[in-house]
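Asks: The transmembrane segment annotation in TrEMBL covers A:21-39, A:45-67, A:74-93, A:99-120, A:127-150, A:175-195, A:264-287, A:316-337.
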Amino acid sequence: MTELAQTRSAPALPFGRRFELVPVILFAVFAAGPILASASGAEGYVLSLLTRVMILGLAAMSLDLILGYGALVSFGHAAFLGIGAYAVGILASHGSEDALVQIPVALAASAGFGLVTGAISLRTKGVYFIMITLAFGQMLFFLATSLAAYGGDDGMTLPERSRVAGTALIESDVAFYWASFFCLLVTYALARAVVASRFGRVLRGTRENSVRMEAIGFQPFRYQLAAYVLSGMMAGLAGCLLANQTEFVSPAYMTWQRSGELIFMVVLGGLGTLHGAIIGAAAFLLLEEFLPEILHTLGFMLQEDMRARLVENWKMIFGPLLILIVLFARGGIMGLWRRGHHG
Amino acid sequence: MTPTLLFVQSLNGLQFGLILFLIAAGLTLVFGVMDFINLAHGVQYMVGAYLMAAFSAWTGNFGWALLLALPSALAVGLLLEALVFRHLYDRDHLDQVLATFGVILFLNQGVKFVWGAAPLNVPAPEWLSGSVELADGLLYPVYRLAIIVAGLAVAALLYVLVNHTRVGMLVRAGASNAPMVSALGVNIRRLFMIVFGFGAMLAGFAGAMVAPILSVEPGMGDNILILAFVVIVIGGIGSIRGAFLAALMVGLVDTVGRSFAPNLLRLFLDPATASQTGRAVAPMLIYIFMAAILFFRPAGLFPAKR
Amino acid sequence: MVEPLLELRHLKKNFGALVVTDDVSLAVEPGELHAIIGPNGAGKTTLIHQISGFLSSASGEVLLGGQDITRLSMHERVRRGLARSFQITSILPGFSALENVALAVQARSGSSFRFFGDASRERGLNELAMDCLEQVGLGDRAFATAGFLSHGEKRQLELAIALATRPRLLLLDEPLAGTGHDDSQRVVETLRALKSRITIVLIEHDMDAVFSLADRVSVLVYGRVIATDTPVAIRANAEVRTAYLGEEV
């Protein structure tokens, strides 16, 4: 993990000193989302895509908190998405449909799971940590598939979106969009405060050199565990939103492939910047959404059946694209941005 | 819980454990020697199964198909090593995870592209089909016994290779202290290519062997990869002996646990709750098992590094 | 006789069959600068690791101010007033020099489970950190990124970090290793200024520095202490000369 720290240090200057343009633009774009959507002529589609970007952006950002700032490569982060989603689904199926009940339960469950699995995982280092978090994620995935009462493999459909204090406040897609926007903004502000705080500084210090931190009197484990729990709770919140957006809950939310995608979003956007993770999520989801269409356009000289086959197998392009990004675009999108700005 | 059933399930667990070992062996060596985390090891297993299916359809003969599938699996492994993995050795684990994740996406879709999404079937050879009577009234499929025998034979071969050859000596030394080995003037890249190719072939062999008893389909390597990770984490990264014991343990715990967890719980709970809880708990057993082992031994049972 | 600040009783460490430190007993008195010298491979760094808690001991005891700290972890020992530097410079390369030190101040002042407020702007922490930087003569480099400091400056920074934990006892593992002449001169001066205020255990190969700074010197050979005495007496000790100093003196 130290090697990770050395090659991937986030900007050395403390945060919050400078005015930062990128997050302002990012949130301005999200705030303009509903207008953009209605202007696009495909309002429902654009709105739901942007909502999804914000929700998975929230999840990716929560992962960045431990991956980018703590150098903890957690490969089971989707489990928290699942916990959040299942908290909503299970409570709804027992008649508790209010978000004011569901969200606290989801956060508590995420914290509990994070505390137990984190305490065990953080005893290990490096590759062991990657694999043990992966295994815990799988454990929860299999638990979900065996919950016959809650849909098992197939998952379950929610009767309706969560109510808020008894009202159908977020029933409309636009209202839900704003709810997601609000959650993302608040969580982002919170995360920014945390990484600059005393706690965040210890976490960043541990990423750079954990032996040094011990030698000045810190016990890295406690701070890493707290960060792991906090990050899990944020991802749990994203899970609540995800369940509400799709009005559907299934084990598919917590496959290990999903955890891998979350890591990819963070790296694609740029580690250790928080908003980079959100941008990475946007880039990932837009690529996933539009790559088939891009391929369709690029394949204009091909015969019709070959072209269809190309579009159908877009993942064969997506996989190598991922490899190329890892090999050549170090520092992710935020890295490119910084290099562009400093010559 | 009859003794007969327990015996049959133990044999199934042994067979599953040996398959896991074939996959985990390559993984643990690649890890141990190069500190390289290869998520794409699971697709090697899938590729082995697909190659088996293809060659078996082409030649119509199990033996020939296996004989062709093995070098082809090796070739696929070496090709991937040259194209992708070689460029990742100096990178951190995070990059390795992501790039090999990309390889998985590509190959899972790739087999769909070539062979279609529908599962393929591979017939077991004539002389290994049917069942034998192990004890009075206890029938067991011959082919599954053959897998056990083949798995044990490969394990024995691996033991000899690792403990009694020069390459094996270097591999062991590399797993406990890689910089030392390259300081000795050994071409560590070539050593790794050998280890890597061998590991890929073993995974391919595992895939080829299970092709007749499982359906061959895209993504079949994904879940078994996670289990192989569990195995090498429990066994201790870089340790073949650890991987062997851990694979058998995981195979047994998983197989036997699935069939007996409900029965065991019935001792404490009412039957309906017991069977429901049992079915929920059984798939989690190996992960709980792993967590318990790592709690007491964070570097696994037989850590190779010091 | 005053009660020793640091006392080692029959300390031993082995890696498998290899015994690195063997039955080391030593008493460091409050206020003294106690140097430990010995040929390469004598077990000096291992001994520092054992005292600081970076490595556990096979047997024996470590007492700090009369209290047994043998079973405590590294960070717990730091909180009891035991600071150390590393033979291979150990700093936080991505942080500014000031923040490196401010973190050490933060470690002993109040909880670090504070999730709000910009830590880099806490004046209380920064002022104390600046003090320590100035004590080692690094005040003008406070805002430089630690990873870009010169080697000698990094060694000074390590000293400042150690000082910021307000140690009763400072363990220094070859603070002069790899420094050029000017740098090493500066570090020696800093140590000379510190030695009246803090008890120091120093491992060093530079014999000029050792004999000019130390109040007492212990000689470690093959993991055993063969002599402990004043620098003058150590120079004259026949056993030490044959075992170690022979070629050099």
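Just so you know, glycine gets a Cβ as well, placed from its N, Cα and C.
Tell me about the setting of these features in this model.
Replies: If you look at the transmembrane segment (A:74-93), the same-chain residues 6 or more away from its ends with a CB under 8 A from one of its CBs are 59, 62-63, 66-67, 101-102, 105-106, 109-110, 113-114, 117, 121, 129-131, 133-138, 140-141, 144, 150-151, 155-156, 158-159, 162, 228, 231-233, 235-244, 249, 251, 253-256, 258-260, 262-263.
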Asks: With an 8 Å cut-off on Cβ pairs and a sequence gap of 6 or more, do the transmembrane segment (A:264-287) and the transmembrane segment (A:127-150) reach 3 or more such pairs?
Replies: no
Asks: At least three Cβ pairs under 8 Å linking the transmembrane segment (A:45-67) and the transmembrane segment (A:127-150), pairs spaced 6 or more in sequence?
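Replies: Counting Cβ pairs under 8 Å, fewer than 3, so no.
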Asks: In the same chain, which residue numbers or ranges, 6 or more beyond the ends of the transmembrane segment (A:99-120), come under 8 angstroms Cβ to Cβ?
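Replies: Same-chain residues near the transmembrane segment (A:99-120) but 6 or more away: 76, 79-80, 83-84, 87-88, 91-92, 132-133, 136, 140, 162-165, 170, 224-225, 228-229, 231-233, 235-237, 239-240, 244.
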